[in-house]
Amino acid sequence: MVSSTTPSSGEYLLEMSGINKSFPGVKALDNVNLKVRPHSIHALMGENGAGKSTLLKCLFGIYQKDSGTILFQGKEIDFHSAKEALENGISMVHQELNLVLQRSVMDNMWLGRYPTKGMFVDQDKMYRETKAIFDELDIDIDPRARVGTLSVSQMQMIEIAKAFSYNAKIVIMDEPTSSLTEKEVNHLFTIIRKLKERGCGIVYISHKMEEIFQLCDEVTVLRDGQWIATEPLAGLTMDKIIAMMVGRSLNQRFPDKENKPGEVILEVRNLTSLRQPSIRDVSFDLHKGEILGIAGLVGAKRTDIVETLFGIREKSAGTITLHGKKINNHNANEAINHGFALVTEERRSTGIYAYLDIGFNSLISNIRNYKNKVGLLDNSRMKSDTQWVIDSMRVKTPGHRTQIGSLSGGNQQKVIIGRWLLTQPEILMLDEPTRGIDVGAKFEIYQLIAELAKKGKGIIIISSEMPELLGITDRILVMSNGLVSGIVDTKTTTQSEILRLASLHL
């Protein structure tokens, strides 16, 4: 509902002032402010659990604030649903896209508000209006295409176009580039800047510092439910923002390298996946205590390497040798028995059971080993091992019965890593291990990885973040179009050299 209080000066499109919100035993927001100007891109930053989501839920009426005021275009607002917010010009593009995959693009654009001709939907008008918006935003998508046939990046464009169709003045974007290629990211940034030119205020949420400095004008930082600062980005450094987010200065983004790679424990020769296009003739060694990175552009088939090693993909040729003995992993169970573990890329869809507790999520990969002599589960051992995961991985949680979906991304990832360590692996493979994780939690994950390498684990890390690979690995294997284009020593290589190798077979 929009009230008719006195308009503000007009300097801001959106003013959230002194917002407070409490839950039983928890002060989620404590006097928080967010002020967004027209013609601006405003970063909203903070560690997971800082209060960003709660603040936006108060804006959209999903939560009712306890106190504070929200002004939109100078008038006090009190929305009771996201639909009401959208109809009044405030839209959100979620990290998990809200589209009907079986319907056409234009159906998704106008769902619930179809243009009609008499008693029927006016398909021609719907097509024309969709096409006009796409043309204005330089979106090259057929309005009649089925959404399920599109890429993630194209789906995000549709969500943005939908916000545009509502004539949204405030557009909130939550981690919009997490699954995009560099080319797709650049196209997305072009569209965001077009919205800015039209007078929109964009609230941009991302853990990727490089994007924030490339795109945004101002930043608001939250920490532990409190407003810390709102400042122009032009006067800030990455270290300054990190210090505001975590409450202390992070003297280093990556832990010191104390691991000393030993003998070769894994030899991969001419590994080729059965179903092509995929990896072809992949060869490399992995040493005890070594952290081997895998780099490459999107489509380089990096993930196919670890999936083939883990038995998810069937190999058609090549050999896998562990401690001098040839092995074959026909499925995940065989891989686990041979000492392999895989932390998958999509944490929420393939890594965790979000609505089940930490105990279940800690033990699921090893559950058959908890049966006693009569075939019943040994609850005492299960509880003990769950507590080991919580303690050794430094998981921040009230207890092992806590639903894992309620934890931050960093703590979820720690549970997944701990789960695999219970299987006592020799080879730990991590696919995008810090995706969607805030900067403080990233450092904790890096520390865990470094500690595991120091204990002699062979570690393989796939990452799209070049600074991450250069910061924590010993060597980097570079993939290009399913082929190994080079293996480089991290100490002596450069980002430009890795990018050159990544483009070698395109």
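Backbone N, Cα and C atoms are what each Cβ position is placed from, and that goes for glycine too.
Now, the feature entries from Swiss-Prot:
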DOMAIN    14-249  domain 'ABC transporter 1'
BINDING   Gly46, Glu47, Asn48, Gly49, Ala50, Gly51, Lys52, Ser53  ATP binding site
DOMAIN    264-506  domain 'ABC transporter 2'
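Features as recorded by Swiss-Prot, highlighted on the structure.
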residue: Gly46; record: ATP binding site; Cβ within 10 Å: 26
residue: Glu47; record: ATP binding site; Cβ within 10 Å: 25
residue: Asn48; record: ATP binding site; Cβ within 10 Å: 18
residue: Gly49; record: ATP binding site; Cβ within 10 Å: 21
residue: Ala50; record: ATP binding site; Cβ within 10 Å: 25
residue: Gly51; record: ATP binding site; Cβ within 10 Å: 24
residue: Lys52; record: ATP binding site; Cβ within 10 Å: 22
residue: Ser53; record: ATP binding site; Cβ within 10 Å: 16
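Listed in chain order, the residues near the ATP site other than Gly46, Glu47, Asn48, Gly49, Ala50, Gly51, Lys52, Ser53 are Leu222, Ser408, Asp438, each with its Cβ within 8 Å of the site Cβ centroid.
DSSP classifies Gly46 (ATP binding site) as coil under the three-state reduction.
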